[in-house]
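Scroll down for the structure; my scribbles are underneath it.
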Amino acid sequence: MRNAIDVRVLANRYAAQLQLCCPQNPSSFSLARTVHAHMIVSGFKPRGHLVNRLLDIYWKSSNLVYARQLFDEIPNPDAVARTTLITAYSNLGNLNMAREIFNGTPLNMRDTIFYNAMITGFSHNVDGHSAIGLFHAMRRSNFRPDDFTFTSVLSALALIVDNEQQCGQMHGAVVKSGTGLVSSVLNALLSVYVKCASSPLVSSSSLMASARKLFDEMPQRDELTWTTLITGYVRNDDLNGARELLDTMTEKLGVAWNAMISGYVHHGLFEDALTLFRKMRFLGVELDEFTYTSVISACANGGFFQLGKELHAYILKNELNPNHDFLLSVSNSLITLYWKYGKVDGARHIFYEMPVKDIVSWNAILSGYVNAGRMEEAKSFFAQMPEKNLLTWTVMISGLAQNGFGEEGLNLFNRMRLDGYEPCDYAFAGAITACSVLGSLENGRQLHAQLIHLGHDSSLSIGNAMISMYARCGVVEAARSVFLTMPFVDSVSWNAMIAALGQHGHGVKATELYEQMLKEGILPDRITFLTVLSACSHSGLVEEGRRYFNSMFENYGITPGEDHYARMIDLFCRAGKFSDAKNVIDSMPCKPGAPIWEALLAGCRIHGNMDLGVEAAEKLFELMPQHDGTYVLLSNMYANVGRWNDVARVRKLMRDRGVKKEPACSWTEVENKVHVFLVDDTVHPEVLSVYNYLEELSLEMKKAGYVPDTKYVLHDMESEHKEYALATHSERLAVGFGLMKLPPGATVRVFKNLRICGDCHNAFKFMSKVVRREIVVRDGKRFHHFKNGECSCGNYW
DNA sequence: GTAGGGTTAG
């Protein structure tokens, strides 16, 4: 048995040794283990602060197991040991263990610090309600909260606050407790006011006024104070309030400036962000990775590629803060900068040069490839990603859909859900887009039903995707009802709805909707004009189209792009106004490119304007000799007037030049001139005869117990535009009509512009069953094989 | 308290 003096000497020695251990230092753990082992060997039972020191070192070096072991060995751990363990468990997110120790501690052993540990644990683990509940329990048991208590409990309150009373009550409690002069408490209180202001249930302006009052009364303000209030204004969309506050700040606190710049970026005010950045540089406020990432993002989204590149060069040249975080986050934003301006390879270069990548880097480069339509590479990135998150899946799903891989997109969406992800709005929007490229009304409706069930159906991007899905699946009415029931709409929604009407031949309704959009104060963008011009073109509204085109720049300052000029040419050509079309080409500010000549050729084909058509085709051969579409259009043009020798000549030309694909007309399989126009959506002199066949066909379908997919065409057209309406539907009408004219047993290949939509699918199934024909339909790289009323799909080559 | 990666419309 040692005597008391020996024990004291030992204890002092151990304490001195453990004092040398710095818990953050990795080697401290082994030193502590050695000291601890020595204690055990020499039969020394650690107590009091020695135990607590060991516990502290163990958990801070991520060795909670040893801490727990020691804790269980000592006979009656004191409040400090218990507090240490509660903190340790909370930091690991293991609230149950922390709570167990907390509950197992008798009241007479507890103190304020003990309570603080548990409250902080709840707060850090985003359990605001438990933190507040414990705070009240603590006061009921007559423990006196201190400034630490309030700091924790206020940050817990900030997580859940949603009414003004909660702010007032807590504010009162702070004042009463005498902690109302402590900076950390006041900052946390300020944060509560600011968070409460963002709640939809309160008046943000009055809350922000209270926050401002508190701010003005604070005895001192640090970086956190300024940043909290500036962020508060930003979150409540009061950019001017935020800026006015920043302008009153005399200290050069970089974080507050960063918050302001990021506020501008998030509100789309990219120029303001850049101006502020310049001022920041001018005044010598310290720039860090937060500054640069926000500013580069402003360049990426605001059309400032040149400036972004200059920043990139500046960063490389000056080797600014080449620390890990700086390099990582700035490179991530640079990846996005480059691909947004079409420089995917530049983005890839940055990506591969990065010594360390994280999930953001991977998602950024994945988006780049998806956006460039380089899906094979995107798939390979997706497959080799070390980790994925919700965003990864979303990017990939919508990317597949956007690039025409509807089925894969939908499959991936299902896989994602099987993997346990709860899809966000964007993922749903992507899946809905997948349905619309697939033309799968059934899947689209299912998703719609699920969204209603989940209460997700009021989302803007989902609504927008749904409008276009219903339209592209042929159900304009459903598109309209989505549009009308959406709680919020934006210009995308209007564009989608205008397009829906235009696509279905309701040109007049489309232009009326456009006018209504203007009345409601929504500004049209370049896509609105593309949509409106298409609608006019498909419905023969030539003068209206001309007027809208002119108003583009005159009234809205939008410079027409080549695509707008191409629409005008389309508009005039469909109406047979070739001199107007030529005038458009002559009036163009830059050299007309392929889309222009393509539109002209397509127009010439409709009306059999051979000379002009050949001229356009020659231009196209010059510009893109390997583009099979030109050969297709040209041979269609000849086929339309029965010049079969010329058709053969074009085919030979194509073969001689080594162009791979076959012309997109089916006359080789079936010697049937009619079929040629059936595969695209142009006005054709013979189109009215389709109408008669349609009526026959729908009668036959009804007799066989099917609902004809053409019903809305027959009943829903505007009578004065009947033939145009039909023309826009000919993609679908083609199916029925073409097959009726075919000899039994023929194999049909429909090569071009045919979108296999849901109704179309049904019509094919019907035809293959009732008329007993085998049908192969090619849709891009996919084929759909219909036989005996069933369909199998696959890749064509 | 500040940052970087996404969506829908033609």
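Glycine too: its Cβ is placed from the backbone N, Cα and C atoms.
Small disclaimer: the values here were computed from a predicted structure and weren't measured.
Taken from TrEMBL, the feature domain 'DYW' covers A:705-797. The feature repeat 'PPR' is assigned by TrEMBL to A:111-145, A:222-252, A:253-287, A:288-322, A:358-392, A:490-524, A:525-560.
Residues 183, 186-187, 190-191, 193-194, 197-198, 204-205, 208, 211-212, 215, 259-260, 262-264, 266-267, 269, 272, 283-286 of the same chain sit 6 or more residues outside the repeat 'PPR' (A:222-252) yet have a Cβ under 8 Å from a Cβ within it.
Sequence-distant contacts of the repeat 'PPR' (A:253-287) (same chain, six or more residues past either end, CB-CB distance under 8 Å): 223, 226-227, 230-231, 233-234, 237, 239, 242-243, 246, 294-295, 297-299, 301-304, 307, 320. Helix, strand and coil residue tallies for the repeat 'PPR' (A:490-524), in that order: 26 helix, 0 strand, 9 coil [DSSP]. Averaged across the repeat 'PPR' (A:253-287), the predicted model reaches a pLDDT of 96.
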